[in-house]
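Accompanying notes for the structure given below.
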């Protein structure tokens, strides 16, 4: 085909996707299947129904004030008597979808978490009305206590006491990354020329951000081995022993291989931190952790060293809500590193944050993240919008109260059926991997062609064209959009398909189309007398 992939070599996979979509959409009367983006086509409905029902209760609460005025004017919610009024609302509307969940939520908050029910309801009502600035700006008080219960249970398996964790509510995982990188630079914890270890393959911005001129960091790749279930070998993880490596970035479970770190890898990192690198900073993005079986975050094994980024986007189908948190242990090496800065650097930071409090040096790193997110001077208006925080709380309560994990198991079964369907039509079983999460599949062209027609054919097929050329051919001839694995730092010729954003019959179509292309290549191979 006429498309020259080389001219697009510097584009990120997500920008390249737009070019692939143009090609895939270029023929009339053909359905374009975009398996390139991870936006799920499923979502949690119960906590959304609860959100809208809560909004109606909140509006009624507001109208308890200024009822003598023109219709449509309300006031701030009143704490006194709110629990009784809410229970009457639940009793009167129990037959409506979402209301029963709200009643259970109040019971769980009061009876299981031991929180003040009136304070919870007042924060939720005030929050959903969006009538006040977020106070505290880092996260609403009761909301933080609830959401951190969810984070600790899902990401750390309860290994970290919830009370030892601080949260910063942010506009999704992407905002979290932007805030963290910028505050690390501003604070002097990362400086130009510093080495950063990056688990590869990885979400592309983790490759691109350190290369920006404002950071100018030296990347040290920590390669996952595709022939060992996409795990980091001991030799690769041992690169973290280098004292010049300041921070380790990773996505766990990985993107795009979609594999969680196994116990050996976690134990290796724990040992390195304990024995050689107690000063190592770790940043882990664990957005896919809820799709894994018995997931354990680096935050659970190295809590003092780790900033945990979690987004509600994938598990709850909430990419448009922009909901995420940054979690930090209250006793962490980021704060310790600030205390070890040279006096000149401390004085510069004293000046930067002087408007926030008298004793700037007591300001924790996570609170500096909040201030830096609004260039310090606007710290008093920082924070995630309160309606967003309310929806985050309802998502968290939905998961916490689902003791049988019915929602989680339904999603796991859904995406795993999709993977099985794709590979069935491709003519092979999916690779067995006990640590696989299956949110994405990295279709390894070399592995697929080898399994279908042998090693000799595989070597020939890979030499015929680049992965990019192959992906453009797939888009042009089949209308299917896959993203190149190399754009995520993979060394293997491969295409990433999301298993979350299409329906099962569409994954069957993808598998058949890829098999057809492989068969056509094999016919060319045979015609050359190479069989």
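Placed from the backbone N, Cα and C atoms, the Cβ positions cover glycine too.
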N6-(pyridoxal phosphate)lysine per Swiss-Prot (candidates: 104, 246, 314, 330): 314
Same L-aspartate site per Swiss-Prot - residue from 252, 255, 332 joining 114, 496: 255
Protein Cβ atoms within 10 Å of residue 114 (L-aspartate binding site), excluding its own: 8
Reduced DSSP assignment, residue 496 (L-aspartate binding site): strand
